[in-house]
Amino acid sequence: MWSCITDFFTYETTKSVVVKSWTIGIINRVVQLLIITYFIGWVFLYEKAYQVRDTAIESSVMTKVKGFGVYNDKVLDVADYVTPTQGASVFCIITKLITTENQVQGYCPETEKKYACTQDSDCTKYLNKPGGYGILTGKCVPFNATLKKCQIRGWCPAEIDTIETTPMMEVENFTIFIKNSIRFPSFNYTKGNFLPTITGDYIKTCNFDMVKHIYCPIFRVGDVVRYAQQNFTTLAQKGGVIGIKISWMCDLDKSDDQCNPSYSFTRLDAMSQKNAVSPGYNFRFAKYYKMENGTDYRTLVKAYAIRFDVLVNGNAGKFNMIPTLINMVAAFTSVGVGTVLCDIILLNFLKGAEQYKAKKFEEVSDSPVECKTNGLYLSQLSLRHNETIMRSSDSGAFSIEHYS
Ligand SMILES: *[C@@H]1O[C@H](CO)[C@@H](O)[C@H](O)[C@H]1NC(C)=O
């Protein structure tokens, strides 16, 4: 029993073989240096492995558009061209309108080309099916002096959306004001995109610029479109979606004024640029009125718009003991990985590999004798040394001279 206890309270250490060879020595140190450089340079300094990160950014975005445009001889203001009007992070600026006024419920001819007809039998195949603008009745009725079209039941007269109109070019000079507040919950850190250095007078006059005014929260639509590498005229003609990205990459170990937003711009509906089937972005809405006799009538609007999506992302890091320790342990352990490579080279490719092998691996005899105590085998089995040891010190480290 007692011997069991004494056998347990022992310490085992590994015996090392020191190889004095320039080749393997240099390889070993170079590999170690590479591993240390990688950990210090990339893992610690660049990736900041000594920090804990908070990626769950909380954010609120408020927007406001300003500017006046002229369309069809009417001056349009914000309430006319911005939808939805709440000033959220997603909003549309209407650039082109196709309006159909005074629509009432009733019967009228279709306007789409494919519903052209000469007699009722041309239209019966569409009977009770949804047409372009209403439910088809199966009758063929005159559209204008020369043309006949199938009749629909719905809001009449039906919209004609093939008319060419020029977009409201003043949109290019409209400005978007963006107010963004963010919070990193795990550090309870809050910040907004108006930096403390920005004054009220500056905000009244500035326009965002990638070079000179990178923290100005007011963006000219034309500039945003240009930064997203788009042509304003085509975008206004067909509509589209532009992303305004606000990114917050904060190192909270540094001073507070180093945590700043950075803005970037992209076209989000890149697919509709290449695809001819559904290019751009448009939608319809209607304004309803009541006549004196109580029947409803409406103005239908087909709107082509540039939609802006304000997207906020970011993360913050701060020094913390736990990731620092874990990564330091990983770094120290990884330095040992170099020995695997050196062993492969040493035992296979180097001159005198056989000799090194003999020194590194010692044969174990299959009849343990000396260390057997009370029927218990010790973990240090008896070893039989086949090779003559050139030089060995009492510390248990062999030295093999191989300087050539
Ligand atoms: C936008 O503003 C500039 C300068 O104020 C002016 O020269 C230009 O004509 C304006 N563009 C449109 C489309 O109104």
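Even glycines carry a Cβ here, placed using N, Cα and C.
These features come from TrEMBL:
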{"type": "BINDING", "residues": "Lys64, Val65, Lys66, Thr175, Asn282, Phe283, Arg284, Lys302", "note": "ATP binding site"}
{"type": "DISULFID", "residues": "Cys108-Cys156", "note": "disulfide bond"}
{"type": "DISULFID", "residues": "Cys117-Cys140", "note": "disulfide bond"}
{"type": "DISULFID", "residues": "Cys123-Cys150", "note": "disulfide bond"}
{"type": "DISULFID", "residues": "Cys206-Cys216", "note": "disulfide bond"}
{"type": "DISULFID", "residues": "Cys250-Cys259", "note": "disulfide bond"}
{"type": "CARBOHYD", "residues": "Asn173", "note": "N-linked glycosylation site"}
{"type": "TRANSMEM", "residues": "325-350", "note": "transmembrane segment"}
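When the binding-site residues Lys64, Asn282, Phe283, Lys302 are screened for a C-alpha within 10 angstroms of the C-alpha of the residue listed as 'N-linked glycosylation site', no residue qualifies. The local packing around Asn173 (N-linked glycosylation site), expressed as other Cβ atoms within 10 Å of its Cβ over all shown chains, amounts to 13. In the vicinity of ligand 1, defined as a Cβ distance under 6 Å, none of the recorded positions Lys66, Cys117, Cys140, Asn282, Arg284 are placed. Taking the Cα of Cys150 (disulfide bond) as the reference point, the closest of the binding-site residues Lys66, Asn282, Phe283, Lys302 is Lys302. Spanning the residues Lys64, Val65, Lys66, Thr175, Asn282, Phe283, Arg284, Lys302 that the record associates with binding ATP, the maximal Cα-Cα distance equals 24 Å. Mapped onto three states, the DSSP output places Lys302 (ATP binding site) in strand.
Distance between Cα atoms for Cys216 (disulfide bond) and Asn282 (ATP binding site): 30 Å, as a whole number. With respect to Lys64 (ATP binding site), the closest of these disulfide-bonded residues in Cα terms is Cys206, chosen from Cys123, Cys156, Cys206.
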